[in-house]
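Asker: Please find one structure pasted underneath; my questions will follow.
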């Protein structure tokens, strides 16, 4: 174990030196004899991924304008802006007004905010129990929602939730032996975040910003639900608006990720938030960098990272349960290696590098992944399921939010249950996801610091360091044994093939 720690430390030091030499924006530091960091003057950062910053801002302006038009068109007066002339071939007899459906979305925003705030409030004392409950109850909740959807004659959603429950059940079975280590990492992340009360205020501020945008978004979504066009037209419009809301929510979540990651990295590097070597106004600097020079990188990464990461979790879960079916294993391995290639350029650990050095997103993602592979920490990350657990908590929050709005919609407007319930679920997921981003950012920062210099983690929490090092040792041994097994199997197959060949 000690050998692994020292080898990781030495190789990561070389890697860090090469990164610092290749990028002039990296914060330069030198370690004093007692292990503290003395920071030199930090160079100014350049704007990164400006193209995607422009795309995101144009998207916000266009979507904001469309939301205002769609909401006002049915506000207190049917077809106020005479938009029905464009859809005269798709008109229905039943019409509604924006204010009929807007309160349903207001309920979703309120429930999502309460759930997210409750998570933050009990983060220090009950977070571990809350995460365990979410993992165990989510499958059951999905199954119950599926039954309710069938009872309400929403057959498509009933089947969708039933499939989701089955897939989640199989995934939990596949990774259940990893949950103890996952909870260990999450406990350490919660401990770190709870020691930084100033970052909690930042999260509340971003939740307020998200709520303000959701007020505009739900106004337009309520106008879409009230439109006099067929369900097909409503669904297409809501899908477009939902993609916009997902991207906007992901951008805000990842902005929180960058801010918190920058703070956690500084605390671990300097040995505590009260250390004399801590730079002044470090939180304000992290916020300024996140919303200015690095904001384009955040917008870019937010488009792809979540989808690729979710696909990777699913493939890993299926891959671990295939067994000896070589044909199926070959197909899954092809998908696995394809996704692994994408992960090299789109991973959540890039946000730590963005916070620390201000590099572009792809550059940061590549550097982080190469750091993990060169030090062997990638084996530990592959075993950890903390991201999946936090996603389950987010999904549960979204389902509860969607259920509350869906039940109210069922009482008032039964033919709009699916429209309102699905979009309300997305609103809840975004709001709860903002709260989850605090813990996830601490997890990513801990792994980056462990790969850069394991002694940083040892100085912060020696017992946690020993547990991480022991697990890393076990995972590297497991991979080595698997590699020897594959090589031996291939040699036997080749020898058997040569014996059967005619000469």
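Along the chain as shown, residues are numbered 1 onward.
Glycine too: its Cβ is placed from the backbone N, Cα and C atoms.
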Asker: Labelled transmembrane segment by TrEMBL, one stretch among 74-93, 134-153, 314-333. Can you tell me which?
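Answerer: Range annotated as transmembrane segment by TrEMBL: 134-153.
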Asker: Using a Cβ cut-off of under 8 Å, list the residues of the same chain at least 6 residues beyond the transmembrane segment (289-308) that approach it.
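Answerer: Long-range Cβ neighbours of the transmembrane segment (289-308): 45-56, 247, 250-251, 253-255, 258-259, 262, 339, 342-343, 346-348, 350-351, 354-355, 358-361, 364-365.
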Asker: At a Cβ cut-off of 8 Å, and with pairs 6 or more apart in sequence only, do we get at least 3 pairs between the transmembrane segment (134-153) and the transmembrane segment (202-229), yes or no?
Answerer: no
Asker: With a Cβ cut-off under 8 Å, give me the same-chain residues at least six positions beyond the ends of the transmembrane segment (102-122) that come close to it.
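Answerer: For the transmembrane segment (102-122), the nonlocal Cβ contacts are 71, 130, 200, 203-204, 207, 211, 214-215, 218-219, 221-222, 393, 397-398, 400-402, 404-405, 408-409, 412, 420, 423-425, 427-432, 434-436, 438.
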Asker: Which range out of 50-72, 202-229, 235-268, 388-410 gives the transmembrane segment (159-181) the most CB pairs under 8 Å?
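Answerer: Selected stretch: 388-410, with the most Cβ pairs under 8 Å.
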